[in-house]
């Protein structure tokens, strides 16, 4: 599921482009403006601007050619006189109707019933173009012919020179252009879909990254299982590989399974916030049995060679004893000491317990020149 969302987001730009082109190509077939080309018997032509109605059929893309007839009565609020060649299928007639007195849909419906193929409604005492509409759904369902609206001066010119009686004819030509809202609405829809997909992708990516980081980091309970050693002069450790400062008496050192030691204040944030590997040898720290998935992922990552891969394997780095590493002979001893130094508040309790037991045995630690420690136990009765 997550993979499919990622693949969908990768192609969001392509999806947006394809949908935009298809929607615009479809909407461009819907004209919102048109022109009337008028021709008289001398083949003189004139163009008049009009505005198609919001109901009825659209003008065909090639235009509609026909003969212009004045409506009788002019307002067409009642049944009008049919065209002279109503029964001749070869002739197409367009009626010119005056505005006012009744609704636009009634005028156009009466023209359709009379046998006209289109209707032209003109304004009265104005050349303003009006978008004709209707709220009567039943009437709108009955209208099948296209209709346009023109100004009064255009209507007067058509009556004077381009009517059927004067040997003229007209062509209603659609103009394939769209207003801003026709472009804006599909654009906003597509942009909204893309934004939703982007938000889904970002949330999915955030959840995946957070889950991956949690698997690659050490939990608090796992960190507490790592031994802590209190540094004393003569110990094998010398310098913290993170802060590059020499250890001082009383410093708390975190001992990792690879025998590398660091300041607790230095290595703890690395293990809990960055990655649960040794900063020097990259060996995994405390692999948990219940975290098999993270172990598998980490092992696969460690097997891949990259610029962060250490030059020496973990076993070799342990033998070099660099940056405060601890030999195997002392790691077990430090594991036993860690319980004594895990918390400073428990030192007094531990020391008092040791005083009670000193009457039975005492431990004498002698440092040998070769760096190894011999333990001699003597009875002090």
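Cβ atoms here come from the backbone N, Cα and C positions, even for glycine.
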Name the residue among 43, 88 that Swiss-Prot annotates as N-linked glycosylation site.
88
Looking at 141-161, 162-182, 183-203, 204-224, which stretch does Swiss-Prot describe as transmembrane segment?
183-203
DSSP says what for the domain 'PA' (64-160): how many helix, strand, coil residues?
26 helix, 22 strand, 49 coil
